[in-house]
Amino acid sequence: MLFSYLLATLPLLANAALTYKGADISSVFIEEKAGVAYKNLAGETQALEAILTDNGVNSIRQRVWVKNGDYDLTYNVNLAKRVAATGASIYLDLHYSDDWADPKHQTTPDGWSTDDINTLADQIYQYTLSVCNTFAEEKINVEIVSIGNEITSGLLWPLGKTPNYENIARLLHSGAWGVKDSKLATKPKILIHLDNGWDWDQQKYFYDTALGTGLLTSDDFDMIGVSYYPFYNEKATLASLKTSLTNIQTTYGKEVAVVETNWPVKCSSPEFAFPADLKDIPFSVDGQVTFLQRLAETLTATKASGFFYWEPAWTKNAGLGSSCEDNLLVDYNTNQVRNSVKAFGQV
């Protein structure tokens, strides 16, 4: 009887192990403005965030840019209100830029200092504080705040560009305290995000060097987030990811999550070879399910917090910046979600 009971509860235990089964839907307002009306599995028109949460998504990631316009603070407050109505938690991804921030682009916002680190450190603090206080005033709870996006090469260039880790550490410290000093009643988890989550050497070098300056302390942040895209490097195996996530937690004592990932339904001419332990997964809707299941198994095995699927419904950008033609969980011809969306509720 006891053995049978344990077998019956194993799926429940696996589900409970993943705190976050999330998606980044930052582009949703732009899509809706372009006339896209999303359809659920039954073919009925429904808000994207509701479709996702109905299928097991429990957290939504939103990118925040500094300049007024798409992805600005007002854009994100309005999106967060819709997300909050579904019961999903909110994860703000502060790019600290007027445009895309990633390992190749970390452009300082217009009007922010590019020649004085004291001024820039105050600007990142004041901006972060203002963003968080705005959400507090709107009575919107925030679960996670990322102080930068894929900052492997630093943030707020040129002052915060590698190899100037003293400036990087100081800026991260200032950003973190913008969150800590805010009026948010429940303080969000503060997250630092690098790319190539499978590359332990890269992760270790960044954190050892930044923390080694003494200007960023372990108390400044709560989580480490990583991107995991299998189609950018043959070395990006699940085995390597497992090793890296395990080492991150053991070395730094931080909660860890895969905060960006996706899998293609079509990839005719991949720029890079796919990792060996993923080559058997087809480029298809079923393949998306298999990939997310294996990823979830890896995360559960390492006691990681969860994952966020990056832009599953950006129908005007189906390749999502990769060499694959289509990485979406939505059919861009019909705007209907694919059956793979059910994977969130199955992992």
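The backbone N, Cα and C atoms fix where each Cβ goes, and this holds for glycine too.
Per Swiss-Prot, the features are:
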ACT_SITE  Glu150  active site, proton donor
ACT_SITE  Glu260  active site, nucleophile
SIGNAL    1-16  signal peptide
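Around Glu260 (active site, nucleophile), the C-beta neighbours below 8 angstroms that are at least 6 residues distant in the chain are Asp24, Glu150, Ser227, Tyr228, Tyr229, Phe308, Trp310.
In three-state terms derived from DSSP, Glu260 (active site, nucleophile) belongs to an extended strand segment.
Neighbour density for Glu150 (active site, proton donor): within 10 A of its CB lie 25 other CB atoms from the protein chains shown.
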